[in-house]
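Quick one: the structure is below, questions incoming.
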Amino acid sequence: MEPNSNERIARIAAHIHPPNIKEHASSSLTSFNCRAKGGSPGFKVAILGSSGGIGQPLSMLMKMNPLVSVLHLYDVVNTPGVTSDISHMDTSAVIRGFLGQKQLEDALTGMDLVIIPAGIPRKPGMTRDDLFNINAGIVKTLCEAIAKSCPKAIVNLISNPVNSTVPIAAEVFKRAGTYDPKKLLGVTMLDVVRANTFVAEVLGLDPRDVDVPVVGGHAGITILPLLSQVKPPSSFTPKEIEYLTDRIQNGGTEVVEAKAGAGSATLSMAYAAVKFADACLRALKGESGIIECAYVASQVTELPFFASKVRLGRDGVEEFLPLGPLSDYERESLEKAKKELATSVEKGISFTRQ
């Protein structure tokens, strides 16, 4: 049989006969055979929490990304159904599902990028900090597995409260001896996406033509849009600045209340997460000049973690961009943000010491 025929058969088999994903099934997955024969050239991506409100649309959108060759979906429930559903999409990424704690390490073996939306969502009246006790434990467990199975992967952390969960992840990696601050990125892209959208509405522009830097953190007043640095250059009245800043800071609450107990910002978060993941993959591929906002171990302020513009490269964060000139309103808001952010960082670090 000719080589081309063999390749075709292998490619078809990879899709028709995925690994057994029953909870107690043993898996022989290794970094050697992680990529399916016939898979498209690209990167191996794992989504931890793939069956949730963010995880499902995130998984679907990542299956559509041409830079993804292998997509691993992990969760503690419902992974078989989500995997089967998404596997029918006629895109080139090979998809595999993993169910339950016993298959977590297999889900992570050989991954280039790990995206973590796992955790419980906000409900009406809840703040991101109300989620802390549950989501902190989930993030700790997942990061322990990452440290063991794919310590060199870039990690995109979505689980709230990001201001605290990123420091938790950092401490876990430090204890495992695998911590690389350049590769641990808290995803604050949704704040940027909202800022671009809301500012575009006020200016009467296409949101795709607007760029608003958002710095600080990813909760309440720690979210600071730098409206003085909007591109294209624009001026706002004091009333517009207050309106836009408040709406960007409370965009998540706006969705939670609108859904009236039916969920939180899952679809827009999935969109933002994929936008950020795509930037990371393009940087891994070697594309230059990729600048995004992210919550990272930072040198921009005196705080150990801070969200600001960074330049991404093959090894994660390659450069921290300065904050640039701030307005009086932004300087005052930044000081308030830093006080609250410092408390959130310490809360995360303290959790790992318990």
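Backbone N, Cα and C atoms are what each Cβ position is placed from, and that goes for glycine too.
What TrEMBL says about a protein is an automatic prediction, not a curated fact.
Worth saying up front: this structure is predicted, and the values here are computed from it rather than measured.
Found this in TrEMBL, in case it helps:
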type	residues	note
ACT_SITE	HIS218	active site, proton acceptor
BINDING	GLY49, SER50, SER51, GLY52, GLY53, ILE54, GLY55, ASP75, ASN135, ILE158, SER159, ASN160, MET269	NAD(+) binding site
BINDING	ARG122, ARG128, ASN160, ARG194	substrate binding site
DOMAIN	44-186	domain 'Lactate/malate dehydrogenase N-terminal'
DOMAIN	188-351	domain 'Lactate/malate dehydrogenase C-terminal'
Check each residue in the chain of SER159 (NAD(+) binding site) that is at least six apart in sequence and keep those whose C-beta is under 8 Å from its C-beta; list them in sequence order.
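Looking at Cβ-Cβ distances below 8 Å from SER159 (NAD(+) binding site), excluding near sequence neighbours, one finds GLY49, ILE116, PRO117, ALA118, GLY119, ASN135, ILE138, VAL139, THR165.
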Could you check which of the recorded positions (ASN160, ARG194, HIS218) sits closest to GLY53 (NAD(+) binding site), going Cα to Cα?
ASN160
Among ASN160, ARG194, HIS218, these being the recorded positions, pick the one whose CA is nearest to that of GLY55 (NAD(+) binding site).
ASN160
What is the total of other Cβ atoms whose distance to the Cβ of GLY55 (NAD(+) binding site) is within 10 Å?
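Summing over all protein chains shown, GLY55 (NAD(+) binding site) has 28 other Cβ atoms within 10 Å.
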What binding-site residues among SER51, ASN160, ARG194, MET269 are found with a C-alpha within 10 angstroms of that of the residue listed as 'active site, proton acceptor'?
ASN160
C-alpha of SER51 (NAD(+) binding site) to C-alpha of ARG194 (substrate binding site): distance in Å?
24
Taking the Cα atoms as reference points, how far is ARG194 (substrate binding site) from MET269 (NAD(+) binding site) in Å?
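Here the two Cα atoms lie 10 Å apart.
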Please compare the recorded positions SER51, ARG194, HIS218 by how many other CB atoms fall within 10 Å of each one's CB, and tell me which has the fewest.
SER51
What whole-number Å value do you get for the CA-CA distance of MET269 (NAD(+) binding site) and ASN160 (substrate binding site)?
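That separation, Cα to Cα, works out to 12 Å.
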